[in-house]
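A.B. asks: I have a structure I would like to understand better, so I am pasting it below and will then ask my questions one at a time.
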Amino acid sequence: MRTKLLVGAALAVVAWFLPYGLDSYAIHVVNVILIFAILAVGLGLVMGIAGQVNLSQVAFFGVGAYATAILTTHAGLGFWVSGLLAIAATVLIGIVIGTPALRVQSHYLGIVTLGLALAFTNWVTNAEVAGGAEGISGIPSPELPGVDLSSEYLYYYLELIVFAVALAFGLFVVRTALGRRMRAMRDDALAAGALGAEVPMLRMTAFMLASVYGGLAGVLYAGLIRYVAPESFNIANMFLLLAMVIIGGRQSLIGCVVGAISLALVREMLVDHPTIAQLAYGSVVVLVVVFAPTGLAGLPRRARAYLDHRRGARGTAAQLGAFQPYEPAASASGDELLAVQGVSKQFRGLKALDDVSLTVAAGEIRGIVGPNGSGKTTLFNVISGLYKPTRGRVVFRGTDMTGRAPYRLARAGMARTFQNLRLFGDLTVEENLLVALDRSRTLSAWRYLLRPLNVLRRDRALRRSATDVLHRYGLTQFASLAPKSLPYGIQRRVEIARAVAADPALLLLDEPAAGLNGEEVRQLAEIVRSIRDSGRTVIIIEHNMGLVMSLCEQITVLAGGRVIAEGTPSHVAGHPAVIEAYLGDTGEFEGATR
Amino acid sequence: MVRMRATLAVLAVVLAAGCSAPGSDSEDAGSDSGPIKIAVVDAQSGQLSSLGAWELKGARLAVDEWNAQGGVNGRQIQLDVFDDQGDPTIGTNLARKIDSEGYIAMIGTAESAVTIAMAPLLKQAEIPNITSGQSPGLVATKSEFLFLNGPTSTTYDETLAKHIVDQEGIKSIAMITNNGGYGKGEHDAFLKALRSRGVTPLADQVVTADQKDFSAVLTSIRQKNPKVIFLGAEEVESGLIVKQARDLGITATFAGAAPQGTPVFIDTAGAKNAEGAIVSSPYLSNDIDEASKKFAAAYKAKFNEEAELHGAKAYDGTQILLTALKTSNVASGKQLADAIRATKHDGLLGDFAFDETGVGIFETSIGVIKGGKLVAAES
Amino acid sequence: MQVFLQTIVGGVSLGAVYALVALGFSLVYRTMGLVNFAHGNVVTVGAYLASTFYLSTKLPFALAMVVAIVVTGAIGLVIERVLRPLENKDFDLMLIGTIGFGIVLDALIIMIWGATGRAVPSPVQTAPIDLFGLRIRTYDLVVLAIAALATVLLVLFLSRTKRGAAMQAVAMDHEAATAVGIHVGRSNAIAFMIGAGLAALAGGLVGPLLYVSPALGGALGIKGFAAAILGGFGSIPGAILGGLAIGILDSFTAGHFQGYSELVTFLVFTVIIMVRPTGIFGERTVNRA
């Protein structure tokens with residue numbers, strides 16, 4: 001931490017004195033590079049952090065620059081006022097361009113944003129107010145009493161300050177709740193939603209952030225070059241920007257900055273051989289994508305990992321601790337918590353669920369069993385909002401929640417785990433928990449602008465809670481590790497800890513014992529019981545009949561999408577329909593009851 | 001406490017340094033000995049690079065001729081090329097670069113947007129610039145350091161309208177222009193020339209600069225059955241329009257400015273389709289007069305390809321610059337700009353005499369495409 | 001009315017080319033779930049190769065096309081091989097990888113053939129057919145016929161041959177396909193190769209219609225991509241319909257909105273995708289939790 005601060009301070013001093021060693025050409029190049037660096041940070045936020053493929057960053061850039069140009073030359077407003085209005089305009093456009101992200105993702109989003117960027121260039125080429133293909137010249141340089149900003153040397157300091165603030169704000173976002181939630185969404189939007197992250201809102205926030213950076217860069221561009229034309233915002237520049245972010249390392253804002261600076265410098269050096277430069281950066285993009293997906297920013301860590309590997313420091317010495325049971329709480333047992341009423345779910349002719357009804361009382365541990373393909377996971381997906389039922393209702397805590405988005409259900413007090421583990425792969429174990437612990441609304445992100453200290457304070461409180469959760473589940477030693485590097489059983493435990501960290505009234509566990517050994521299953525039973533005793537209700541899908549029989553008070557048996565039996569373990573085990581359904585499938589039932 | 005004081009001290013130094021603005025050292029524009037440095041800035045890559053390549057050749061030819069005769073005032077001329085990639089931002093980088101590297105004048109660019117972006121910087125650095133653009137936006141920069149090596153769209157289209165409307169008596173005219181910088185300028189200039197003659201075009205269609213299919217536009221024009229269709233678009237697009245128009249059975253004559261006289265246009269359209277097209281150009285062919293024959297022969301000998309308009313324009317522009325250097329005793333900055341403005345030059349394109357706006361030539365001739373070649377129209 | 005019909009004819013003509021481009025996108029996508037952003041540049045390479053063999057070595061047009069298709073197919077193989085480590089892992093990264101390949105191909109094209117471009121004379125010299133004032137170019141009919149033939153052959157290949165069936169299986173479930181002993185990598189490679197071949201076909205055919213330059217494929221690629229999505233990504237009939245639809249949409253917006261046509265085309269496209277993200281023939285993919 002200390003070295004980082006020192007390096008930062010040293011860089012700041014170098015940046016401050018940099019102009020003294022540069023001629024007028026070099027300072028101009030540096031000024032242009034800083035603008036690209038701001039753009040790259042914005043692109044890094046939306047693409048690297050939030051995982052939204054945004055190929056219209058260059059259009060945000062253009063909107064900012066054009067709005068400044070139009071407002072200063074046509075409307076006669078001052079530069080600063082125009083700049084502020086231009087950023088506001090860019091944010092509006094950002095919201096418009098981000099809207100498709102609510103419906104489509106990945107490559108679909110890529111082509112839509114690319115198309116909208118082309119639409120922007122097309123508009124400015126035609127519009128009278130934007131000066132057509134000739135562009136707008138004669139933009140006044142910003143005025144500051146006592147400082148002549150038409151001098152590129154002094155303009156550099158303006159840019160440097162804006163850049164530093166923008167980068168600091170970006171890092172602040174990434175390292176606190178909002179950024180964590182975005183990264184969680186990037187890694188697994190489904191799981192993030194199931195933990196209460198308002199995915200649509202987050203995506204819009206990401207686009208808004210990117211547009212603010214685009215707008216800032218645009219305003220600075222207008223003030224520096226004092227001329228705007230459609231060619232400055234073409235697709236080639238978009239791809240160049242993309243290359244900067246990828247080569248630098250899209251998941252690290254510092255990486256984005258390094259990528260922007262190095263690529264821009266290389267391009268400037270090869271300015272007389274642009275085709276060679278293009279060939280070079282294209283190849284580097286391919287190589288980076290294949291061999292170093294984390295880009296330049298990821299190299300130190302990869303190098304360290306490689307060295308550790310060479311030294312033979314295989315595996316981590318981290319030990320799983322014992323689970324510390326929750327304090328038992330008086331549960332308001334008996335009231336109905338969840339009611340599934342006549343739910344059917346159809347997939348193109350295939351009836352996965354057929355008129356399923358069940359009620360779960362608060363404080364219960366309910367087991368749901370059934371042969372493979374009997375619709376258990378589909379039922380979970382309907383309850384947790386991933387699927388909209390074809391017919392029927394889901395009532396949770398007395399409210400009809402049918403077809404509500406998963407994050408709404410999560411906010412209403414529901415949490416779940418997944419059959420095939422959905423941990424956020426690029427987040428640490430601690431961060432996985434932090435995402436779940438953070439129950440704030442994404443809307444409250446305005447605090448980042450107005451009350452940053454409040455954000456920091458809340459983040460510190462969250463980390464304290466995370467430490468408690470880590471300790472309770474015996475995961476303290478794994479806190480800073482990537483989940484993928486952990487043994488399967490520990491990953492299962494992390495996922496349960498994460499779900500409980502979201503403080504649900506109802507916890508849905510989808511095959512939590514799959515892949516666990518006997519000792520781990522025993523620990524699991526202990527954990528689940530303790531979770532229930534702390535006042536939560538648990539529904540568990542499981543194939544391990546021994547676990548179900550010993551753990552659950554009530555069991556619902558599904559077969560072919562229908563409920564064929566329900567009741568206490570002993571009642572269900574003796575039910576003729578159940579025995580028939582399981583015949584040939586497995587002899588587990590007899591084994592468990594014997 | 002000690003640390004705090006140290007920090008404050010550093011801060012004070014930094015602030016003090018910040019107050020004495022950096023970079024106030026003035027570079028000298030050109031030294032008195034060694035070669036005279038002239039920059040050619042043009043797109044050498046990308047879609048517009050053919051213009052850039054031609055322009056470089058024209059300038060190179062002129063410079064080599066002067067150097068062979070001992071240069072200017074006994075000093076050799078050094079011509080260096082810079083690639084702006086058609087991007088205004090890179091253009092501004094280059095403006096700073098040629099300034100800091102001591103170039104005293106610049107030839108180029110062929111892209112109006114880049115030239116306009118560079119103009120304020122070149123004006124600040126007092127580097128005269130002879131561009132081959134023809135857009136009205138160039139004149140609108142009001143820079144006394146910016147000169148055009150050819151006529152503006154107004155001249156091209158006034159000559160064209162005079163020929164079509166006044167001489168041939170044709171009033172049934174349709175227009176197709178693109179929304180790019182060049183097309184927009186042509187659109188406005190030709191429309192103005194028609195209006196001043198009391199003619200309203202039958203159709204005024206605008207296409208985008210990278211459009212590929214023109215059936216909608218052409219079919220609606222076909223229904224109006226014009227005698228002449230005016231084209232305001234670059235070589236390739238104009239060629240595509242003509243090809244598709246002939247396929248649709250349109251027999252009207254096409255008319256346009258310089259791009260419609262180029263081999264690229266004729267190749268794209270197909271020689272048969274382009275036949276009869278009326279072209280307004282200051283440089284119709286390589287055998288108009290003695291000067292052009294000499295230029296074309298030298299060009300062919302040096303680069304092993306046929307000379308054409310853009311090379312000729314750059315050749316003229318460079319000749320003017322070198323003449324001005326000679327008459328001003330290798331001045332730079334404002335003096336050099338004034339010398340260029342005062343230069344009267346009998347060039348390939350005609351008699352140059354610059355006015356206050358930096359335009360030096362106000363005349364074009366009418367040519368016709370015959371047998372796949374541009375020839376002077378019989379008048 | 002005549003303007004209307006002629007506009008459709010013009011739209012269909014380029015639409016057939018968009019359809020071929022879209023077909024390449026869709027084939028690769030259905031097999032490996034990847035969007036090849038370098039596809040447009042492969043179209044350019046195909047156009048240059050075909051025109052080079054046609055103009056310089058005086059090969060017959062059809063033969064020049066075949067050579068171009070073979071060479072670009074090989075390029076497709078190279079792209080697939082390089083990006084193979086990422087297959088079924090990180091699609092966003094692969095997508096960016098193909099953008100990188102696009103940048104590289106673009107630079108190579110400029111290095112080999114220069115930046116200026118060339119006109120290609122039409123190999124079919126017959127005069128256009130006149131149908132009650134509606135003019136239809138014979139070459140357009142040739143393009144349509146070849147596009148139709150390519151589609152039929154592709155469908156036959158996918159449904160009738162063992163290799164095609166294997167590719168279908170990979171498209172449906174690559175894990176299951178691996179389990180039954182299908183070489184997924186080879187399937188992907190073949191998909192990429194055929195996709196690149198289709199791109200070359202589109203590029204070669206469009207050369208005489210337009211003007212071959214480094215910028216050729218970019219425009220065709222974006223429109224072809226939009227066509228594939230509009231038709232339902234991964235669907236073969238969807239690619240064809242989407243291509244024709246984009247061609248006609250383009251043609252009409254050009255007539256009605258003049259300079260603003262591109263803006264309108266992309267806005268309409270965006271709205272359609274928002275209303276129906278799966279396109280005309282696309283199927284809703286089930287998110288397995």
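Including glycine, each Cβ sits where the backbone N, Cα and C put it.
Reproduced below are the annotations present in TrEMBL:
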- C:6-27: transmembrane segment (TRANSMEM)
- C:34-55: transmembrane segment (TRANSMEM)
- C:61-79: transmembrane segment (TRANSMEM)
- C:91-116: transmembrane segment (TRANSMEM)
- C:136-158: transmembrane segment (TRANSMEM)
- C:190-212: transmembrane segment (TRANSMEM)
- C:224-248: transmembrane segment (TRANSMEM)
- C:260-281: transmembrane segment (TRANSMEM)
A.B. asks: In the same chain, which residue numbers or ranges, 6 or more beyond the ends of the transmembrane segment (C:190-212), come under 8 angstroms Cβ to Cβ?
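C.D. replies: Answer is 13-14, 17, 20-21, 23-25, 27-28, 30-32, 36, 39, 42-51, 54, 64-65, 68-77, 79-80, 117-123, 139-140, 143, 146-147, 150, 154, 163, 167, 220, 224.
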A.B. asks: Examine the transmembrane segment (C:6-27) against the transmembrane segment (C:260-281) and state whether at least 3 Cβ pairs sit under 8 A, considering only residue pairs 6 or more apart.
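C.D. replies: Between the transmembrane segment (C:260-281) and the transmembrane segment (C:6-27), which are separate recorded stretches, there is no contact, as judged by 3 or more close Cβ pairs.
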A.B. asks: Checking distant contacts: for the transmembrane segment (C:224-248), what same-chain residues at least six beyond its ends satisfy Cβ-Cβ under 8 A?
C.D. replies: 7-8, 11-27, 29-30, 35, 39-40, 43, 147, 151, 154-155, 158, 171, 202, 265-266, 269, 272-273, 278-283
A.B. asks: Cβ under 8 Å to the transmembrane segment (C:61-79), counting only same-chain residues 6 or more beyond its ends: which ones?
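C.D. replies: Distant Cβ neighbours of the transmembrane segment (C:61-79) are 36, 38, 42, 45-46, 49-54, 98, 101, 105, 123, 189, 192-197, 199-201, 203-205.
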A.B. asks: Please report, as numbers and ranges, the same-chain residues at least 6 past the borders of the transmembrane segment (C:260-281) whose CB is under 8 Å from any CB of it.
C.D. replies: 226, 229-233, 235, 237-238, 241-242, 245-246, 249-250, 253-254
A.B. asks: Under 8 Å between C-beta atoms and at least six residues away from its ends: which parts of the chain pack against the transmembrane segment (C:136-158)?
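C.D. replies: For the transmembrane segment (C:136-158), the nonlocal Cβ contacts are 9, 12-13, 16-17, 19-20, 23, 27, 122-124, 126-129, 164-165, 167-168, 194, 198, 201, 205-206, 208-209, 236, 240.
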A.B. asks: Mind checking which residues reach the transmembrane segment (C:34-55)? Cβ under 8 Å, same chain, six or more beyond either end.
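C.D. replies: Contacts of the transmembrane segment (C:34-55) (Cβ under 8 Å, skipping residues fewer than 6 from its ends): 21, 24-25, 28, 61, 63-65, 67-69, 71-72, 75-76, 79, 83, 87, 91, 94-95, 98-99, 101-102, 105-106, 109, 112-113, 118, 120, 123, 192, 195-196, 199-204, 206-207, 212, 214, 216-222, 224-225.
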